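These come from TrEMBL:
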ACT_SITE  K33  active site, proton acceptor
MOD_RES   K33  N6-(pyridoxal phosphate)lysine
BINDING   R129, M301  substrate binding site
DOMAIN    232-355  domain 'Alanine racemase C-terminal'
ACT_SITE  Y253  active site, proton acceptor
Amino acid sequence: MRPARALIDLDALRHNYRLARRLGGGRALAVVKADAYGHGAVRCAQALETEADGFAVACIEEALVLRQAGIRKPILLLEGFFEASELPLLLEHDLWSVVHAPWQVEVLERTPLPRPLTVWLKLDSGMHRLGIGADEYAAAWRRLEALPHVRPAVKMSHFARADELDCARTREQLDTFARATAGLPGQTSICNSPALLGWPEARGDWARPGLMLYGVSPFARGHDLAAQLRPVMTLESKVIAVRELPAGEPVGYGARFVTEAPTRVGVVALGYADGYPQFAANGTPVAIDGRPGRLVGRVSMDMLTVDLSDHPQAGVGSRVELWGAQVPAAEVVARSQTSSYRLLCAVKRVPLVYQG
Ligand SMILES: *Cc1c(COP(=O)(O)O)cnc(C)c1O
């Protein structure tokens, strides 16, 4: 069997959820969209089901997978419904819907429903992606409130730059939120992971942690609270071949690495088709049998190469960690022209092995 796999530490996931919930100071929806950022939405939701206040996913398709797996807690659709025909299904499966655009308000006005649908009305407080404009927000809330079959429950918004801790934009978005929602009833939900960790003034009734649940810091630099997170995924494989090369020899496609001295090169059974970044730089950290090592040469589809020169004990069968318990994913990101979000979501083909 190919030795590549992703170990998923469910105890770490629960630890990170508890930290997120405590920082938020209220309730927290665990964001498990995109198959829980590559960690497997069903198993992650099952691991959190007893303590999570609920879950958030992108769309009804993702929510139904969770319901079919027996998840009973509230589930919020972050993009809401895409067409009126989904509305009966939302009620049938007890799903909550974000309403982010005037056309969705209109659909609700002309679609009677047998029971009230719980709705989170989203404000565009400055990200300019989804959300009702600040000047129209209160009117949209009142229109939903007037419908017997709709229950507007939560005033929500989303930050564009909360991961930039010295950026004034987050405070501006908070001010816009306060102004646009003033005087309206209902609870509030604003915080994603970087806001939970970095902007305590943004706390509300419902937090929406995603990335931090998986134990990866949203910040480019070190951060005391983010340091309390525990990595959930450990991506690993093994050395399947070893080359002893003299100085001046190229390794792999495009000769992206040329040996400067006699070098032992280990070939590891894991490549970009498994989700490892194709353009990770020479020197990107790995751990070889638990000790720090480095990537050399361009990553191939099914394999990558590491420098074993300082690892005389290592050879065929040695375990190589690409990121996880020993190699912070953020360090791989920093050398790979990608983001932590995309790094995790890209993981595929490798079996997910659950622990805890
Ligand atoms: C994905 C998403 C989140 C979670 O964001 P993280 O940065 O991963 O914590 C929260 N809210 C909304 C609306 C989202 O789309």
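Glycine residues also receive a Cβ, built from the backbone N, Cα and C atoms like all the rest.
Summary for the recorded positions K33, R129, Y253, M301: the Cβ-based neighbour count within 10 Å is maximal at K33. Reported as a whole number, the C-alpha separation between M301 (substrate binding site) and Y253 (active site, proton acceptor) equals 11 Å. The domain 'Alanine racemase C-terminal' (232-355) scores a mean pLDDT of 97 in the predicted structure. Residues in the domain 'Alanine racemase C-terminal' (232-355) partition by DSSP class (helix H, G, I; strand E, B; coil) as 18 helix, 46 strand, 60 coil. In the three-state DSSP scheme, K33 (active site, proton acceptor) is classed as helix. Rounded to a whole number, the distance between the Cα atoms of Y253 (active site, proton acceptor) and K33 (active site, proton acceptor) is 35 Å.
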